[in-house]
Amino acid sequence: MKILLILACVIACACGERYCAMKSDTDLSCRNSTASDCESCFNGGDLIWHLANWNFSWSIILIVFITVLQYGRPQFSWFVYGIKMLIMWLLWPVVLALTIFNAYSEYQVSRYVMFGFSIAGAIVTFVLWIMYFVRSIQLYRRTKSWWSFNPETKAILCVSALGRSYVLPLEGVPTGVTLTLLSGNLYAEGFKIAGGMNIDNLPKYVMVALPSRTIVYTLVGKKLKASSATGWAYYVKSKAGDYSTEARTDNLSEQEKLLHMV
């Protein structure tokens with residue numbers, strides 16, 4: 001509260017009689033010697049009045065918001081991660097609704113400059129929202145994975161093994177991909193993506209799907225121990241194109257599967 005009062009004093013010095021601060025807890029007169037008492041002075045400045053009455057509530061909201069952003073990752077908590085995704089999905093429509101409402105309110109009071117800025121903000125928000133959906137649908141078309149609609153997903157790693165496709169969302173395109181096999185469990189980027197595998201099940205190539213293209217990574221080296229189903233395999237970029245990442249179960253060669261177009 002003292003910080004808010006100091007802030008109010010600074011604003012009072014800059015803005016004259018609209019904002020003020022109390023001389024003491026008992027004296028309700030303003031420090032800048034205005035005729036009105038501090039209650040009317042605070043009410044006259046909406047921002048200061050709001051901070052003075054809602055600062056604790058906003059601090060709790062911001063603490064929760066920071067916690068969700070900081071620890072909203074699957075390796076920490078799936079629950080917090082789900083809340084983070086919900087917030088990110090709701091931000092676009094909420095911001096769009098706020099800009100439209102602000103445009104309406106500014107038009108009602110004939111503030112046409114702010115009305116223009118509000119309309120521009122609404123258009124930009126809507127375009128960015130549509131771009132998100134377009135990119136997500138393009139990525140889903142390649143991978144058939146709901147991770148495509150994750151706002152943080154820039155690419156999806158696709159590994160075909162045992163007749164199935166295993167996917168992992170990525171925040172960027174890697175230079176190389178390492179698959180680690182530990183006691184029959186397959187790991188990529190530190191995450192377990194499959195179980196019950198042996199060295200013969202490791203694929204000859206993996207793919208990283210982007211909205212615009214699919215990058216193929218070919219196996220270039222591996223070190224495996226058959227007795228314990230443990231080892232690693234390393235893949236590097238070999239080609240890129242409009243390839244499908246779906247696992248094929250029909251009688252196709254590896255090259256034919258690779259050239260299967262979306």
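Glycine is treated like the rest: Cβ placed from N, Cα and C.
With respect to the membrane, Pro74 and Pro151 are recorded by Swiss-Prot on the same side. Of the candidates Asn32, Asn251, Swiss-Prot records N-linked glycosylation site for Asn32; the remaining residues carry no such annotation there, which does not rule it out for them.
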